[in-house]
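Have a look at the structure below before the remarks.
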């Protein structure tokens with residue numbers, strides 16, 4: 001019976017061989033991408049694809065557990081939830097910060113990661129699509145696709161097209177509904193939240209950038225705080241990665257503020273007023289609005305979440321650990337953090353993730369902080385029961401309170417880093433290597449350009465509708481971009497042999513918003529990472545040119561769902577190969593946002609290039625063969641032995657030491673924005 005079921009499941013969708021096969025099951029990537037595209041197309045409606053609909057009707061999850069490593073434990077648990085009707089209802093909201101809803105999502109993640117072949121994986125994905133809350137399902141499916149070896153070449157469609165309500169103003173959604181009602185295609189311009197009367201409106205282009213929000217949720221999908229080894233492998237240096245991604249967001253936000261003549265972020269204080277309010281102007285798919293928050297509110301206890309004093313207690317315990325140089329684990333042992341690995345432990349504690357050595361004692365400062373601030377508009381749930389934008393990774397970056405919270409957390413990390421011994425000259429030297437010259441080829445200039453994305457998934461359609469019949473309804477929003485440029489670095493290798501080098505490029509605002517030059521030790525903490533890559537240096541002079549588009553810090557825009565569909569169907573039809581590998585990793589920043597906006601007068605930045613020993617830096621020899629030295633790592637493995645931000649991550653008591661290191665170089669550059677806007681009509 002089991003064999004017959006497997007054959008039936010496999011026969012329910014066509015098999016196309018010959019191109020871009022995945023390991024270990026040999027099913028073409030094009031087939032997998034096709035299936036995922038249709039699972040997410042019209043997410044809130046029944047499946048529209050005939051083969052998947054047939055599979056939905058015939059697949060029995062309990063009949064396909066023989067090859068699962070856990071013997072079907074995860075499937076049985078999820079099926080029991082289905083049978084007892086304990087799953088979250090459809091058309092309801094979902095937040096990963098809600099423990100009950102999160103556990104439900106993890107049941108599906110476990111089921112999908114237990115699948116050892118594509119027929120079983122897609123069968124389960126199809127079956128549970130109709131059983132689960134739509135947003136829970138998307139979170140679980142995206143996470144499983146990111147971590148399963150079966151889907152290593154599958155591209156996750158952009159979430160702003162899968163769940164447009166999270167990224168699109170209610171006003172535009174209403175315009176789209178009206179266009180759909182009268183069956184007239186439409187393209188609708190969307191404005192950023194707030195008005196000119198709100199100073200924060202000047203930088204809404206950054207926090208509300210849909211690509212930046214996609215980066216943020218993709219990072220959290222790649223490095224979920226709930227992850228442990230039972231899901232397949234351990235994620236290395238997860239806590240340090242958590243520190244770095246948020247440190248960079250804060251630093252980039254600060255650089256954008258300087259570009260717009262705004263004062264620096266004031267960090268959060270639990271016992272002071274929260275000055276910045278926020279009205280997101282967005283609604284859930286079921287019509288419930290995202291809660292708003294007034295200006296100048298006193299931070300209150302939040303019912304069923306936490307009290308303000310709880311947050312202060314957590315903070316003080318973390319401060320004590322930093323001051324003493326150790327944390328306490330569950331057995332009462334002292335775990336030293338005054339070393340290069342301490343940042344990893346501290347990050348695990350602050351978030352807090354499963355690797356937290358003593359969660360019951362240190363609590364969850366970050367996650368609880370998001371929930372506390374998110375409920376300040378209605379702390380006693382008198383008017384809302386829906387989560388705020390701060391309780392969704394897709395929307396959190398839009399709220400100014402996000403940056404106040406993370407400035408406050410970043411200050412804790414800095415206190416820890418400042419406790420560490422500064423780097424010595426020996427720590428920093430790359431013997432025989434010197435940076436002679438740093439230059440920029442091309443303009444450091446930014447501009448805004450209109451971007452269009454589909455609202456198709458926000459609209460309801462008839463069940464018999466086919467993809468090609470979908471009406472073109474879309475939103476248009478301006479996005480920051482920069483003109484192409486290249487870094488040019490002249491490096492002298494005075495050794496008699498080739499040397500593998502790691503080239504690390506950073507920049508920080510040369511002056512604060514008041515025009516005062518930042519001291520070196522202050523500037524280096526505000527540095528934004530622009531690139532990190534490896535290069536073989538021949539003996540003698542080496543002139544290295546690195547295009548801005550090649551930066552390992554950034555990734556290109558993922559193709560639209562329509563484009564993914566068209567490319568996939570063309571590959572299946574045999575007219576072209578499906579080659580989407582450049583879009584598989586979506587954890588980097590959008591390549592449009594590599595440099596800050598700047599302004600018409602030009603914003604000065606100190607550009608620092610550090611050339612370090614590539615052999616000593618690399619985790620293994622395989623990295624030497626890669627062209628993408630990605631700083632977030634891959635599949636739980638971080639590829640660089642050095643700490644994030646090295647060599648700028650530790651305090652510099654005397655900047656003269658830094659200037660005397662021959663393998664480091666620096667210069668001053670200016671970034672311009674001349675109010676250029678490229679419109680698409």
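Note: Cβ is positioned from N, Cα and C throughout, glycine not excepted.
For 98, 191, 228, 624, the entry in Swiss-Prot reads N-linked glycosylation site. As annotated by Swiss-Prot, signal peptide applies to 1-21.
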Nearest-integer angstrom distance between the alpha carbons (Cα) of residue 98 (N-linked glycosylation site) and residue 228 (N-linked glycosylation site): 18
Integer Cα-Cα distance in angstrom, residue 228 (N-linked glycosylation site) to residue 191 (N-linked glycosylation site): 41
Secondary structure at residue 228 (N-linked glycosylation site), reduced by DSSP to three states: coil
